[in-house]
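Asks: My structure is below; once you've seen it, I'll send some questions.
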Amino acid sequence: MTSERIVFAHLLRGVGAVSVLISHYVGIFWIAHPEISALMGVPVVPDFPSLDFPFSVIGDNCIIFGQFGVGVFFLVSGLVIPFSIESATRVDFLVRRAMRIYPVYIVGFSLVVLSLYALASYTGVPFKFSLADIVAHFGVITRGPLGVDRIDGISWTLEVEIYFYLVMCVLGAYVLKFRVQQYIAAAVVIAIAAALAMKSAGYLIGVQVGSGLLLLLGIAYYSVMKQRIGVKDFWIVQVVVIALLMLLWLGFARFSVYTMRWLGGYLLAVAVFHACYVLRQKITANLLLSHLSDISYPLYVVHALFGYAIMYVFVDLGFGFGAAVAAASVAAYAAALLIHLLVEKPAMDWAKTGRRKDSLLRIG
């Protein structure tokens, strides 16, 4: 996975993280302030300011920015996870994925909860989240079965990722041998499952299942890179996936401007990812993007409500848009960097080397 051929995928993680941050800090917080305040359990700020041009344009299209970033994450994951499957046993794969996801999420989510507690104290209202609700989030995929409403707003993508890891752990050896027929069949199955969920009470589950099309397309990129399918067959898979994405979001999702922008973000992610794939031999390491990519996961975990709480206080104190966004961005970056250095890197180092040493000791 360190091959120069997929440097582009690593750099796209940084681009995706920044895009999601822009969506939330320049868009969602401002255009959906009552909903965000309710989510955080605090009163609406009186005389809340509106966005001025040109930021109002970003605000109007913030869903495109957000789903572009999320779409990039899914495509990158679909591409790189097969390399991990190839080079590890199933147990090692699951351990590495768990150490990748959980330490960062638990620490980052705890920081988010602390920021919401501080915000509740600042506004003089009771803290709305119970300890049981908070702990239910620590397992990520444990929240839903326990009937707990999502607090952070971003963990739906992590749920998709974890279920993807589990599927790949069980079926990975078979999936990595897919030919065009199997890809098309898998895409149709995913689309049907998503459509059925979208038309039932599990609408968000349908959205999550539908995102599996992007993961599948990422795997197809892996297959064409490894020359397990030809370029022509790859294009067939890509066209089928794009067509099914459009069918899902135009024919089965709840029709609205919001939905169209969600689809637009996904399609933009596919276009940008493919352009970077085509140009991958010319894309070299970039210090800034590489750094943002390195901290992209902790930044994604911590930025949303943590940043919203900071912006809420700044706006309430009379500061303008620029100061509020800058303060939240700097704080989110600092928190993400610390989590990366103190939690993510040690956890991943242990997953890569610590388990190997333990295995050698047991063998010895």
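Note: Cβ is positioned from N, Cα and C throughout, glycine not excepted.
Note that TrEMBL annotation is computational and uncurated.
For 10-339, the entry in TrEMBL reads domain 'Acyltransferase 3'. What TrEMBL lists as transmembrane segment is 12-33, 53-81, 102-120, 154-176, 183-198, 204-222, 234-252, 258-277, 297-315, 321-343.
Relative to the rest of the structure, where do these features sit?
Replies: Among residues of the same chain six or more beyond the transmembrane segment (12-33), those with a C-beta under 8 A of the stretch's C-beta atoms are 44-45, 48-51, 55, 58-63, 65-66, 68-73, 75-76, 269, 272-273, 276, 288-297, 299-300, 303-304, 307-308, 311, 321, 325, 328-329, 332.
For the transmembrane segment (53-81), the residues of the chain that approach it from at least six positions outside its boundaries are 1, 6, 9-10, 12-13, 15-20, 22-24, 26-28, 30-31, 157, 160-161, 164-165, 168, 211, 214-222, 225, 258, 261-266, 268-270, 272-273, 300, 321, judged by C-beta separation under 8 angstroms.
Counting residues 6+ beyond its ends, the transmembrane segment (297-315) has Cβ neighbours under 8 Å at 13, 17, 20-21, 24-25, 29, 36-37, 39-40, 42, 45, 48-49, 73, 100, 104-105, 108-109, 111-112, 115-116, 118-119, 122, 151-154, 323-325, 327-329, 331-333, 335-337, 339-340, 343-344 in the same chain.
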Asks: Which stretch, 154-176, 183-198, 204-222, 234-252, 321-343, tops the Cβ pairs under 8 Å count with the transmembrane segment (102-120)?
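Replies: It is 321-343 that shares the most Cβ pairs under 8 Å with the transmembrane segment (102-120).
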Asks: Give me the stretch from 183-198, 258-277, 321-343 with the greatest number of Cβ pairs under 8 Å to the transmembrane segment (234-252).
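Replies: So the stretch in question is 183-198.
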Asks: I'd like to know the mean pLDDT over the domain 'Acyltransferase 3' (10-339).
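Replies: Averaged over the domain 'Acyltransferase 3' (10-339), per-residue pLDDT gives 93.
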